[in-house]
Amino acid sequence: METLINEVVLNKSMNSEHLHAREHRAAEMTRQGRIFTFLERPTGWKCHVYYFTVFLIIFIAFLLTVWPYKMKEHVLFYIELAITIILLCEYSLRIWSAGCRFKYASLIKRLRFVRKPICLIELFVLVTSIALLAKCASEVKRFPISAYIPTPPHRQTLWKLASLGELVTTIYISVLGLIFGSYFMFLAEKNVAAPDSQAHISTYADAMWWGVGTFFTIGFGDMVPHSWIGKAVACISALALVAFFQLPAGILGSGFALKVHQKHRQKHFNRQIPAAASLIQALWQCYATFPNSCCFATWSRFDSAYRLLPVDKLPMEEEPLIPPEMNKTEKEKHLKNIIHAICKMKYLLARRKFQKIRELYDVRDIIEQYSQGHLNMMLKIKGIQRKIEHCIGKPIQPDASGQMTTVHSRLTQIEQQASALHLKLEDCVRLFGEITELLPSRLPGESSSEPNLADEIHP
């Protein structure tokens, strides 16, 4: 008895431990899933606040580069250190939380996640930032701040959630191009001496001002690059970014037009819903009122009306539709046929109404449908012509007149040959008739002195 009690207690403890471990794994997977969703598929105000805070820190770091660098060196160093720590924590959490997906569950499968292009870019930025912070490269360590902005694709997901689409993508790429183009121009022109009459690009703010004037095709002319490296950077940046800065105007116009067209289509579709519902109801009633139908629930409302208004007791001056000598079963059958006919008429009316509502309302849709129908007709004609050529034969050589033989000319030749054959057959029939007229004149007992049949035919 004591042994049995010990076994029961041991089994309960093992089950509780197993349940606790399973709950712990489930909680861990839930935690991993929440972090993975937060980092890879940002939704909700918390994700927006996090990414906006990171972007705000990076923007403050850019603002600190406008003033002389030596005055803000310590502040900028701590900001860069904070950004590097955020990037390191985010990268580590992203790799750890990827285990909630089956294809990244094991340690070897995590390498597939690390081999993704975005993860490789983040790893490069992270290693570069740590190395530059360790060496205290004061002039170069600003670059990882700007390189951190486009690395995660989750910013793009955030923009997609904002329902801005192509416009925000274009503005996002344009702003990044302005930041990088101005930064490279600042690196190329910061140590170049300018003439006394022209301004010198000495700070990052001057480079940003030059980028705005150049990429928006304004061209103030107060700041220009003087070195060949700066001129090359200006040419490459202008060729790459001027088109991007002009795209938002076209995107806005086409977006408004598409939105209006989409609303018209939605209104037209919303008008079709009640008509489609009425058509489905009428079709079902028409099906349910067939004589051999098993849908007994359809007749409940008609049965109640039939009980309230008996036909044989209603005073009618004209001749009734149902003869009074019919019994109850025949009357019900007759009424069912009438109800089925009424449901059939309702179905036909609902179908006509639905077809009328479904008619195309836009001229472009009508033209597109006409073009598609014309294309289908031409394809069918080509198929028929291909079959005719396969049956008759494809023309290879020209005829006697030097023209290429067509299907019409070949049909004409066949008709002429058929006419000639018909004439020959008529001659044969006539000759056979003459022969049959001469054969009965020769009797079996006649002598051989009589003229030969061939002599009579050919004297």
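In case you wondered, yes, glycine gets a Cβ from its N, Cα and C as well.
Whatever TrEMBL says is automated annotation, not expert-curated.
Marked as domain 'Ion transport' by TrEMBL: 50-259.
Annotation comment: TrEMBL describes 318-399 as domain 'Potassium channel voltage dependent KCNQ C-terminal'. In this model, the domain 'Potassium channel voltage dependent KCNQ C-terminal' (318-399) carries an average pLDDT of 75.
According to TrEMBL, the feature transmembrane segment maps to 49-69 (among others).
Among the features that TrEMBL reports, transmembrane segment is placed at 75-96 (among others).
According to TrEMBL, the feature transmembrane segment maps to 117-134 (among others).
Annotation comment: TrEMBL describes 167-186 (among others) as transmembrane segment.
Taken from TrEMBL, the feature transmembrane segment covers 207-224 (among others).
Positions annotated as transmembrane segment by TrEMBL: 236-258 (among others).
Per-stretch counts of Cβ pairs under 8 Å to the transmembrane segment (167-186) identify 236-258 as the leading one among 75-96, 117-134, 207-224, 236-258.
The highest tally of CB pairs under 8 A with the transmembrane segment (207-224), across 75-96, 117-134, 236-258, is held by 236-258. Within its own chain, the transmembrane segment (236-258) is flanked in space by residues 165-167, 170-171, 173-174, 177-178, 181, 184-185, 211, 214-217, which lie at least six positions past its ends and keep a Cβ under 8 Å from the stretch.
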